[in-house]
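Engineer: This structure is in structure tokens; I'll ask about it shortly.
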Amino acid sequence: MRVLDAEFTKGFIRMCNDGWEQGWHERNGGNLSYRIKDEEIESVKDDLSFDGEWKAIGTCVPQLAGEFFLVTGSGKFFRNVILKPEESIGIIKVDGSGENYQICWGLEGGARPTSELPSHLMNHEVKKRVTNGQHRVIYHAHTPNVIALTFVLPLTSEVFTRELWEMATECPVVFPDGIGVVDWMVPGGRDIAVKTSELMEDFNVAIWAHHGMFCSGEDFDITFGLMHTVEKSAQILVKVMSMGQPKRQTISPDNFRDLAKDFHVTLPEKYLYEK
Ligand code: 2HA
Ligand code: ZN
């Protein structure tokens, strides 16, 4: 089968386009990666090449040795993925040491994988371990309302989790583990990748202050839905904070505890503080 005919490729391209339509991917902003299943890579193997040059990832991910990823390209525009997938996205293979990658399909015309490859792969490495291989998607987007909040809220997991939970009843059910926050850092390198992947031990969402968000999930629907839910909640919070008066009523810590019981989720007490 051709890579472009595979369901995982179609799902990946659709997600890129959905993110573009949400307004989260100005210019070349944001990136997406998918850890391809064995049977999926097997189904497209005749369309792959294995003579590409090995290049440094920029970090070390030994637990991903031999894995294949579908990734967006560095400098590529999400807007163009649906029109020119062979140039905008590609399949890479990680070598046996976890330090190098090889392009096996796509990224035509000399393109390279996303500039955030170290963060993507280090997040994948953590998530593969802590979810027993269930999580396969890492998504980075420039979500305007979450970014706006990083200028006015304290940059702590406690505050972001609680404030965003309060904005929509579904939130604690969708992200019961809460949200991690990374202070402003230079993007693209190993340092921010290390910091983000540490948070991915505990969270499926990490906010990069004044930059955007990373989400992790099992599949495209779950991961896109998570990004969408957090950003929509942030949008509501921005509206509430913009109305020039304090909240008159809200969802209380006891309301959250009742919700947790009925929806069978565990909500850590550290987020249910009295204000
Ligand atoms: O331009 O989003 O963080 C891609 C990015 C870098
Ligand atoms: Zn970014």
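A Cβ is built for glycine as well, from the same backbone N, Cα and C atoms used for every other residue.
TrEMBL does not curate its annotations; it predicts them automatically.
As listed in TrEMBL for this protein:
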type	residues	note
ACT_SITE	Glu116	active site
BINDING	His140, His142, His211	Zn(2+) binding site
DOMAIN	10-238	domain 'Class II aldolase/adducin N-terminal'
Engineer: Whose Cβ, among the binding-site residues His140, His211, has more other Cβ atoms within 10 Å than any of the rest?
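Structural biologist: Selected residue: His140.
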Engineer: Inside 8 A of the center formed by the CB atoms of His140, His142, His211, which other residues of the chain have their CB, for the recorded Zn(2+) site?
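Structural biologist: Result: Gly29, Gly30, Ala141, Thr143, Ile147, Pro187, Trp208, Gly212, Met213, Phe214.
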Engineer: Between Glu116 (active site) and His140 (Zn(2+) binding site), find the distance joining the two CA atoms and give it rounded to the nearest Å.
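Structural biologist: Their Cα atoms are separated by 9 Å.
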Engineer: Which one is it: of the recorded positions Glu116, His142, which Cβ has the fewest other Cβ atoms within 10 Å in this structure?
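Structural biologist: Least crowded of the recorded positions Glu116, His142, by Cβ count within 10 Å, is His142.
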Engineer: By the DSSP assignment reduced to helix, strand and coil, which category contains His140 (Zn(2+) binding site)?
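Structural biologist: Note: His140 (Zn(2+) binding site) is in a strand by DSSP.
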